[in-house]
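Taken from TrEMBL as is:
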- 1-19: signal peptide (SIGNAL)
- 185-208: domain 'Glucose-methanol-choline oxidoreductase N-terminal' (DOMAIN)
- 191, 320: FAD binding site (BINDING)
- 355-369: domain 'Glucose-methanol-choline oxidoreductase N-terminal' (DOMAIN)
- 593: active site, proton donor (ACT_SITE)
- 637: active site, proton acceptor (ACT_SITE)
């Protein structure tokens, strides 16, 4: 809606707000004007009582200017529609399926979830022309908002995303209305279609510490590279330029980004060219999964190019309700489509790629899990595995700052008009970026000499009186007390949020069933700050970042503190350790990187759910291939490793089923 609203404003701006309903006295003159002078904007503009909107400028043209302006309008509309044209995406197999009266039984593999992992698996497995592959997705095609970098968060809390919430506890997230909000994609491409597109793999140590054969960094690097089509780092041993996943720099970064980079130099930190090479301590301008300043999620990279492949069927708007298990073997899935329950059978395997919340939920609903977790929902146990345990996410907290108070203009509507026009016509301007969120920092608060970070810094920037600011912070999940203070601060001057991200939390959480219904969100207990070391590390991260406030570079940007106050915390001296410990109880959330709920490990390890070949233990015909299998989180962002897991998983499967 925001994109269409903005486009309407562009049109009204170009017409200089002179549109008016033509009265009867002017009808004779207007009827002499060729109808091609007008554009039918359909639902974008409401029609007058006379049936159309006119404007007086048309009377002042002999035709040429009107024709050019009309062509410009049509070009903008065409460019808007092209962002997510149905012709880009695979056709929906649903209408054909709905006519069936028998189970679908001609598929070798069934993949549940067309997200970061599932889209890649569908592509790679259907490369085998002798295999028929069914990809089942609960959502549909990505909307145009998801394709423009700047608008990524406007897809949250809509029909194209699941709305999960983590639990509030006495130790964390007390400043949130329902607990930490999780925007997870219900859409082709999954969360790769609604995230901020940041491409940050982690460090070699992250994969080596898994201590699993076949999953060291040297083992997984070829699979990172297999996907990647990097437009900048094409010659490095760590990158590839020929893969289907386009990686490029963001087209725009807010001015405060320069202040951050100048400030960190004063503190002795490096500006790194690339976090994926040999240095991991410093600040970077991160790259994104982008193609010509449009999103390049896994749907765009891996499904669009094979949308006509005959042995791949994509079933949209279908919700898998459970696995079909016969004698400890998964033979298919039950799913709902348009309210009708149906079945699909797999000759070889079913692959769960539904993510760290949905994959364990489907397993537990199907009877795979701990008996004590299944019993409250009256589910009969099929396999005793620790499904839903070992939940990890990157804990975050926010510090808030105003900047450029004396010189920043109010975020007028005209800025949005001009920016949208620039983006649609030239792929330029502020909409090619994500504010300053691509400015990332990696430090180690415990050991200044360490080459491995334990904290990441992320930034968010908001112009003064930003028109959709309230919507954004509401999507972050804050309660009314926090929201009112931030809205007031944004009315005064531009805001930027500095996020401290705990990269290797020691605390572990759980996923539990709310009921046996697939439509009930699971109970997500992140268990933040269960380990006191996590709290101590976060206090250190706040202190280290605040050193920037005293740098000459930051002072040029008129940085001032925006305190979000809590009576409990105001009892302590501001900036004391006790103050920040209290503050972290309120402003603590997740950065949407959940992993570990179907832990991968050695078959003999009682804490694991899947083996290193991604098979569910004790159950044949079933694998889990998504972020849920990571034993521990990584010092980066989880989208790139999830894609790597899918690439490697596809090769593992192919090796187990050699051709003829």
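Heads up, the Cβ atoms here are built off N, Cα and C, so glycines get one too.
Features recorded in TrEMBL, as mapped to the structure shown.
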residue: 191; record: FAD binding site; CB count, 10 Å: 26
residue: 320; record: FAD binding site; CB count, 10 Å: 25
residue: 593; record: active site, proton donor; CB count, 10 Å: 25
residue: 637; record: active site, proton acceptor; CB count, 10 Å: 25
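Taken together, the residues of the domain 'Glucose-methanol-choline oxidoreductase N-terminal' (185-208) have an average pLDDT of 97. Across the structure, residue 191 (FAD binding site) and residue 593 (active site, proton donor) place their CA atoms 10 angstrom apart.
Geometry remark: residue 637 (active site, proton acceptor) versus residue 320 (FAD binding site), CA distance 28 Å.
Each residue contributes its Cα atom, and for residue 320 (FAD binding site) and residue 593 (active site, proton donor) these two points are 23 Å apart. Helix, strand and coil counts under DSSP for the domain 'Glucose-methanol-choline oxidoreductase N-terminal' (185-208) come to 9 helix, 3 strand, 12 coil.
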